[in-house]
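Just below is one structure, and these are the notes that go with it.
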Amino acid sequence: MFVDQVKVYVKGGDGGNGAVSFRREKYVPLGGPAGGDGGQGGDVVFVVDEGLRTLVDFRYQRHFKAPRGEHGRNKSQHGAGAEDMVVRVPPGTTVIDDDTKEVIADLVEQGQRAVIAKGGRGGRGNNRFANSSNPAPHISENGEPGQERYIVMELKLIADVGLVGYPSVGKSTLLSSVTAAKPKIAAYHFTTLTPNLGVVDLGERSFVMADLPGLIEGAHEGVGLGHQFLRHVERTRLIVHVIDMAAVDGRDPYEDYLQINRELTLYNLKLEDRPQIVVANKMELPEAEENLRIFKEKAPDVKVYEISAATSKGVQELMYAIGDTLATIPDKPAVEEVAEVEERVVFRAEKEPDAFEITRDNEVFVVSGEKIEKLVRMTNLNSYDAAQRFARQMRSMGVDDALRKLGAKDGDTVRIGKLEFDFVE
C-alpha cells in the first residue's frame, strides 16, 4: 500500500521534577538544601532511512511520545535526561505543523535529522533556591511539559525523472518497457492511482524514473486528486511530458500540452523553469502523424521525441536523450528548504510567548497564555513556599493589577489552565 500523507500527534517528554531534600549526615552541620534537579525530557526526532519508501507505518501508529526525564534525588543528585524517541521516515518527507501550516522540516538525505517536538527541561531542586534571606527553602519546580502538536507528514518521491501527462497517454507502458517496474496497465482512465518507480540502466549511468498518476484540468486545485499527484513532481530533476499524439480520447494534443504545463505552474511556480522533455507517444497509430505536424506548427520551438511505447520504437533514443539531459542538471532540484541539508539537526527558534490575557467565563476570570500556564504547570502547589513564590511571580507579571482593573474582588474565582483559586486583595 502506498501512503503519501498522514496526520500524527507528537509530544516531547516532560522534564523530571526537582526534589526537596536536606543533608542530614552526622558530620555535616547545617548541611542545607540538597534537592537535585530533574532530568531533561526526550525529544521526538525524525531521521531519514533510505530503506523506507512509504508512510504506511504511520497509518497504524499515529501517536509518538518521548519519555520523561528522571526526577531529582537527595544529596543534590540530578535526574538523568531521557533518551530521544527516534522515528525513521522515508527520504522526501516534509513535516508541517497542522495548526500554523508552517514547514517544520524537509527531510531528503540519508541520516538527516530534525527535532519535531522538544522535550521539557527538568525542574530545579531546592538547592537552586537557597539565598541569604532563605537559606533552607522548601521550594522545587515540576518538570517543564514537553512540546506537543499535531503534524502532517507529506511524502514527495525523490526521482530523477517524472512522467507527467493526461490519463491514458502511455506513461505506465513507457515505464514498464524501460524498467523492471510492473505498473497496472488497462484501457481506462486513472489506472495508475499511486506513483510507480523504476530504474533505467544505460550501462555506465542510470536514473530513477517515476510514473505519476494522470493529471486533469484543475489538478492544481485538487481536482482528480491533483494535489496528491503534483507534490511528487516537485522533487524530480527532469519532467518528461508524455502526450497522446494519436488523440485516442478525442482531445487536442497541443491543448493537452498547454493545459498540463498550466497545471504544473499554477501548483508551483518553480516548476515552470524545471527542465522538460516533450514526448509524442502512440506514433504507431495513423492519426498521430497529422496531429504531430499540427503540433509542430503551433509549437515550432519545442523539440519533440517521437516514440511508440507499445512497440518500443524510438524509446531507446529517448532514454539516452534523458540521460544526456540529466548530466547537465544539478543533482538536486530547486526546492524550498527549511534548513541546509548539511545541518544534521534542525532546531527552530521559538518566539517569546505572550505573558497572559484575561477573559470572563460567567463569574470566573480566566487567565490564559503560554507563559503563565507553563508557570502553573511547573509550580509544585503542594508546597506552601512554592505557592507563595507563584503568587509573587503573578504580581510581578502584572496579573493581579490586570484582574483588579477588570473588576476582580476579594473571593472571586480565577482560573489558569486546570488551576482554580480565589482572588485575594
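In case you wondered, yes, glycine gets a Cβ from its N, Cα and C as well.
What Swiss-Prot says about this protein:
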{"type": "BINDING", "residues": "165-172, 190-194, 211-214, 281-284, 308-310", "note": "ATP binding site"}
{"type": "BINDING", "residues": "SER172, THR192", "note": "Mg(2+) binding site"}
{"type": "DOMAIN", "residues": "1-158", "note": "domain 'Obg'"}
{"type": "DOMAIN", "residues": "159-327", "note": "domain 'OBG-type G'"}
{"type": "DOMAIN", "residues": "348-425", "note": "domain 'OCT'"}
{"type": "REGION", "residues": "118-144", "note": "region 'Disordered'"}
GLY165 (ATP binding site) to SER172 (Mg(2+) binding site) - Cα separation in whole Å: 11
Assigned conformation of SER172 (Mg(2+) binding site) - DSSP reduced to three states: helix
LYS171, LYS282 as binding-site residues, winner by CB count within 10 A: LYS171
For SER308 (ATP binding site), the three-state class that DSSP assigns: strand
Secondary structure tally of the region 'Disordered' (118-144) (DSSP, helix then strand then coil): 3 helix, 1 strand, 23 coil
Candidates PRO213, LYS282, SER308, namely the binding-site residues, that fall within 10 Å of SER172 (Mg(2+) binding site) by Cα distance: PRO213
Local confidence of the domain 'OBG-type G' (159-327) - pLDDT mean: 80
DSSP-assigned states of the domain 'OCT' (348-425) in counts, ordered helix, strand, coil: 30 helix, 19 strand, 29 coil
Cβ neighbour count (within 10 Å, all chains shown) around GLY165 (ATP binding site): 24
